[in-house]
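Residues or ranges marked as transmembrane segment by TrEMBL: 12-32, 38-61, 68-88, 94-117, 138-157, 163-182, 216-236, 248-267, 274-296, 302-326, 338-358, 364-382.
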Amino acid sequence: MKNYTLLIINSFLTRLATSSYYLTILWMMYSITKSPFLAGLADGITAAPLLLGFIVGALVYKNKKKKLLAIQSSLLRVIFLCFIFFSLLYNNYIITIFVIYLSTFFIGLSSNIMSSLRVLWLKVFLNEDKYKSGSSTISAIGSLAQISGYILAGFFLLTRFSISVFVLIFFYLISIIPLLFISYSEISNDEMEANLKDIIFAGLNYIKKSESTKELIILDMCVGLIFGEIGILLTVLTKTALNLSPTFLGFFFVSMAVGTAFGALLIKKIHLNFMYTFTLFTMIGAISIATLGFSISITSTLILIFAVGISEGAINVITFFIYIKIIPKEMTTRIQGIFDTFILGITAFSGIVAGFLIEDVGLFNTLYVESFSLVITVILATRFKELKLIKG
């Protein structure tokens, strides 16, 4: 359990810094450019490296020094944050925008690597009967870290952008410390010697033969696209529709993170089949997002965002539990890379899509489109034959 505890500490610090970075970049880009589309583009670039998930997952699997790889990935974040910090000191917004886009890509690439490593380590450090409780706990801890990160960003954005970025550098640095103390025997077998092409196609062939895995990929792509648009929607809602400061944006993100943590813990108490639980929590999200279009007060907005968080948190645990249940341990990193490509990679377009919709049809009509899309996702899920047989 020592390694699992260290993994949780690293996840907490990393999630704190990443959520703070996410809010900071959205607010900075929207403040500088006044364009939802350009701010959404920065949001999308964060997830763009996940389109390389095929290769990243295979490289992580093939790498024999995964702990060192994790440390190097964390240092990569620090280096590119330093680029943003110095560009802000130079006080040229054109250079700053370019550096933000470039740095955001590489920080996203680092997150891609850590995603594959974290899923593998979760399966290595825990027994099979602890998968659901372990994934639920790490999801809840991650949500609590998000709360801290959003509060942190909301507070420091009231000062100077450069100060906000400096704080991010600090937290990414200390997140490396738990990684230094993780100790376990690296997985080593003949498959490690296979070439990159064989490793990638082994993952693809497994997915081709597994109906439940294909269904999960399609479902996660739909959910990822819709929930991935929440960030830019809340940013525009806060700054334009409600005319509030970044501190309130932080509070809104906190409300969603608390809801996500609550949803992740709540789902542990529910033992129904997949279809019932997925439909219930997806409809909670659909209704809450649509109702945001009618919200005119801070209190009602906080409550509705909290409900959206419950929906997302529960769905995240449901799909992650199914993932670690149906995927063999030896295939984890390879399949995770493919999942990142299809599922998380689509979030690279979610912010861009949301920004385009906001500029084209307006904020409130965009909220209605998102709500309707979740309803369509539920209808799609009822067509899946394998997933609806799975019980939690």
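Backbone N, Cα and C atoms are what each Cβ position is placed from, and that goes for glycine too.
Fair warning: this is a prediction, and the values are worked out from it, not measured in the lab.
In summary, the transmembrane segment (138-157) does not lie against the transmembrane segment (94-117): fewer than three C-beta pairs, each 6 or more positions apart in sequence, are under 8 Å. Residues of the same chain lying 6 or more positions beyond the ends of the transmembrane segment (274-296) and with a Cβ under 8 Å from any Cβ of it are 219, 223, 227, 237, 263, 267, 304-305, 307-308, 310-312, 314-315, 318, 322, 364, 367-368, 370-372, 374-375, 377-378, 381-382, 387-392. Remote same-chain partners of the transmembrane segment (248-267), defined as residues 6 or more beyond its termini with a Cβ less than 8 Å from a stretch Cβ, comprise 19, 23, 27, 136, 139-140, 143-144, 146-147, 150-155, 157, 230, 234-235, 237-239, 242, 277, 281, 298, 301-303, 305-318, 392. Ranked by number of Cβ pairs under 8 Å to the transmembrane segment (216-236), the listed stretches 12-32, 163-182, 302-326, 364-382 are led by 364-382.
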